[in-house]
Structure formats: C-alpha cells, structure tokens
Amino acid sequence: MIHWLKQLRSAFGVAFLWLVCLIYFTQGFRSFVWTAVSYQLKDRLQLSPSASQFVFSVAFFPWSIKPLYGIISDCIPIGGKKRTPYLVISTVLSLVPWLVLGLDSTSRSSSLYLMIFLTVQNLGSAMADVVIDAMIAEAVRLEKASFAGDLQSVSWFAMAVGGVCGSLLGGYALSNLKIETIFLLFTVLPALQLLSCALVEEISANDEPLPELLDSNEFEEKSMMSNENFRDTSKSNTRRRKGQKKGKKGASNGKSETQKKQSKSLASQWFQSLKAATFGLGRAFKQPIILRPMAWFFIAHITVPNLSTVMFYYQTEVLQLDASFLGTARVVGWLGLMFGTFIYNRYLQDMTLRKSLLFAHIGLSITIILDMVLVSRANVGYGVSDKTMVLFGSALGDAINQLKFMPFLILSGRLCPPGIEGTLFALFMSINNLGNTVGSFMGAGLASLLGISSGSFENMFMGLAIQVFCTYIPVLFLFLIPKEATGVSAS
C-alpha cells in the first residue's frame, strides 16, 4: 500500500494528489450538509413532499449542463491556464452560498432564496467536478497512462470515505447542532480547497486548437485566416511606413489598430478552439458504442419516477426514524456502493451490457418491492424491524445502481479524445444527471397526483407499485445497447 502511494506521488506530485483527494472527499462529504437541507425544507419551511422534491430538482439542475463547463474550460484559458482559474471560480461559488445561508436567517427561511443559493452552490460543485475530471484525464493520457486505474481508484476511495464520514457526522450534527451551524461548518472544506488551488502548478495552455481535432474544412479555414492575417500585416506595414511621416499621432493610431487586431485574433482563436472541441465531441458522441448506451441510460431515468424525497418524509413521520439512524443508513448505502464496484470489477466486466442492465433493473424493482413491504407493514408481521428493512434496502439499492453505472463510466473514459477531456466526461455525467432531474420532477408530479403529502400517505403503496411497473419500461429499449458490448470491450 505504501509503495503504491509512493509511486502515485512520484508520478503526479503530492499537491495534485492532495487536490484530487480533497475535491472528491468534499463531493462525498456533501451528505453532511444536504441532510440538514432536507430537514430545513421539511421541518422549518414545512414544505410538502412534492414541493420539497421540486426544490431539490431545480437545485441540482446545474449538474445536468456539465458539458458547458467542460467546453469553456477546454477552449477559453484564463491567464493562459485552462484549469486552475476555473477551479478557483467554482470553489468560490461552492463556498459563498453556505456562508450566506449560515449567517443570514432570511435566506434560509425562504424556499425561493434557499433554492437559488442551493442552485449556485451546485453550479460551483458541478464545475469543480468537471475541471478535476479533466485534470485527471490530462495527467494519465500520456506517459502516466499506466496509473490511470490507480488514480481513478484513489478518487473513488476518497469520495466513498467522504460519503461515509459525511453521513455519520451529518446525523450526529443534526441531533446536537443548529442547522445554520452545520452550514457554516461545511464551509471549511471549500475554503481549504480554495487554498489548495494555489499549490498546483499548471502549464500554460496553448490557445490554438489541437490539430487532431480539426477536419479538412477547418484546416482550410485556418489557412485562410493565416493568409488574411498576412495580408493585414502587409497593409499594416504599408500604413506604418506612411505613418512615419505623420509623427507621434500616426504612431499612436498604428498602435491602437495593432491592439484591436490582437484582440480580434484572440477572439478568433477562441472561436476556432470552441468549434474544434464541438466537432471532436460530435465525432466521439456519434460512435454507437457510446451514443446508444447514453440514449438508453437517459430513457432509463426519465421513465422511472423518483420517490426518494417522499420516502424520506414517510420514514421520518410514520416510521419515526431519527436523523442519526438515517445517517447510518446512508453509510450502509456507501458501503453497498463500494461492494457493487468490487463485484462489477471482479466478476461482471465480461458480461454484455444488455444482460448486466437487465439484471440491474430486476434488482431495482426488488428494492422498490421491499419499500412496498415496508409501507404495507407486512415486515412487522414476520418479525423484521423497520430499521432492518431500511438498512438492507439502502445497501442493496446503492450496490445495484453502481452495477448499472460502472460500464458507462469505463466506456466514457476510454473514448475520451485528447483536447476535450472535460467536455466528454461532463457530457456522460450530464446524461445521468439530467435523467435523474427529470425523474425527480416526475416523482414530484406523481406524489402530487396521488395526493401524497406530509401526514397523508394512504396512496404511498400505489405510488411505489407504479414505480415498480415503470422500472421495466427501459427493458423494452435494450435494443439500443450494442449486442456484444461489454464493460471491457468497445466491440
């Protein structure tokens, strides 16, 4: 273990490894503060389950447009750098909302203000996630490629540790601290992340688009631009020779024109870089092995209504489960996620995607049936406690979701072309996040349609039954998945 860490340190540097681990740990530790947000919406603002789920859906929308952050950071350097300036900006966006919510009672007492600040915070977190993914992809693309799996393992381990710590401490904090204090405590991590950005040295970015991302038409356009620049330079030289006779006034005008041309040239370079990234992303996205699974993955989310917030209300109001226990349940969920990762890497990589996704949706339907048993109180008749059902369901659900997620993560990483690392990683994750957001909106609509609200859960069983039925709709679209595709092969 120590020898392995030394190898990673020598390959990537201590500062870079520290920053990667810190950002992923913070992503996992977010459960510490978002548990408090759930109780703020439920107890302090007294929102209904559907209204609360609507707030969460809007707040997490920035995670659905991650390609935008990737394209901007890939193509428009700030101060000659593509990553660290955007990492600083994103960290500030992650830090300020929690400070405001912790210090200003008005902002956290209004559902509108709270939703706005949570959305800004998610914007910063999503942007930081894109930037660090791009930095990892760049770091392992060339001579360090042999450490790609190791670096990804470190990242996931850091996030899992953060999730476990955040879930455990979140439940304890809610039982012993005020919600505003929890918001302020969480600011320690983004503040530390902001300071750590200064430790990483980044090589200045080349403003020119990468040649391998340009097609023949773009090369012709680039050549024409070069010819135009040459003609402009010749004309400028002619004007300069004539201007020498006009004294200081002519020299001043020539300098002003040169600055304008340099500004136009920089804007033209950015435009060409954005265009090149778009074409490169399009070529990568058109590959059936990634396009078809992404389409299926999106459909799989939007056809299944998400009732997680409704279940949170049911667990706290009807089952009387406290925050500390729900934190423990989330820890068990993180352990289930890690177990699912291990099972996939150890036994399922050679299985075709169609089979693994079919089994995943069968498993997901079973977890919902367990919730139906919980809601019907049938488990009590068999001597199984509510807490046991919740813990087992949390572990099983997260493990199965990870089995569904791993093949796509591997495929997207292998198909990442140089020059648009941030964009393609972000595009893949946005398919997942946007699907989750739409599914969450559908869940809020279903809860409202069935009249499920705080203190009124008579139709909860019906809602879960509809969710089970919807879980099998994506199975009808498995033909979108290439028949022989696996998690280790792009065949």
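Positions of Cβ are set from backbone N, Cα and C atoms, glycine also.
All TrEMBL annotations are machine predictions without curation.
The compositional bias 'Basic and acidic residues' feature in TrEMBL is assigned to 224-234.
As annotated by TrEMBL, compositional bias 'Basic residues' applies to 237-249.
According to TrEMBL, the region 'Disordered' annotation covers 224-262.
Panel annotation: around the transmembrane segment (12-34), residues 98, 125, 128-129, 132, 135-136, 139, 144, 147, 151, 154-156, 158-167, 169-170, 173, 182-183, 186, 189-190, 192-193, 196-197, 199-201, 327, 330, 334 of the same chain, lying at least six beyond its termini, place a Cβ under 8 Å from a Cβ of the stretch. What TrEMBL lists as transmembrane segment is 12-34 (among others).
Sequence-distant contacts of the transmembrane segment (54-72) (same chain, six or more residues past either end, CB-CB distance under 8 Å): 41, 47, 86, 90, 111, 114-115, 118-119, 121-123, 125-127, 129-131, 134, 274, 277-278, 281, 309, 420-427, 429-430, 433-434, 436-437, 440-441, 444. Annotated transmembrane segment per TrEMBL: 54-72 (among others), in sequence order.
Residues 33, 69, 72-73, 77-78, 107, 117-118, 120-121, 123-128, 131-132, 183-184, 186-187, 190-191, 193-194, 197, 200, 202 of the same chain, all 6+ positions outside the transmembrane segment (84-100), place their C-beta atoms under 8 angstroms from a C-beta of that stretch. Among the features that TrEMBL reports, transmembrane segment is placed at 84-100 (among others).
Marked as transmembrane segment by TrEMBL: 153-175 (among others).
According to TrEMBL, the feature transmembrane segment maps to 295-314 (among others).
Look at TrEMBL and you will find 326-345 (among others) tagged as transmembrane segment.
The transmembrane segment feature in TrEMBL is assigned to 357-378 (among others). Beyond the transmembrane segment (357-378), the same-chain residues lying 6 or more positions past its ends with a Cβ under 8 Å from any Cβ of the stretch are 296, 300, 304, 311, 314, 319, 386, 389-390, 392-393, 396-397, 400-401, 403-404, 457, 460-461, 464-465, 467-468, 471-472, 474-475, 478, 481.
Marked as transmembrane segment by TrEMBL: 390-411 (among others).
Sequence annotations record features per position, and here TrEMBL assigns transmembrane segment to 423-449 (among others).
Summarising the annotation, TrEMBL assigns transmembrane segment to 461-481 (among others).
Within its own chain, the transmembrane segment (295-314) has Cβ neighbours under 8 Å at 38, 42, 49-50, 52-53, 56, 326, 357, 361, 364, 371, 375, 404, 408, 431-432, 434-436, 438-440, 442-447, 452, 454, 457, 460, 463-464, 466-467, 470-471, 473-474, 477-478, 480-481, counting only residues six or more beyond its boundaries. Within the chain carrying the transmembrane segment (461-481), a Cβ under 8 angstroms from the stretch's Cβ atoms is held by residues 292-293, 295-296, 299-300, 303-305, 307, 310, 353-354, 357-358, 361, 364-365, 368-369, 371-372, 375-376, 446-447, 450, 452, all 6 or more beyond its ends.
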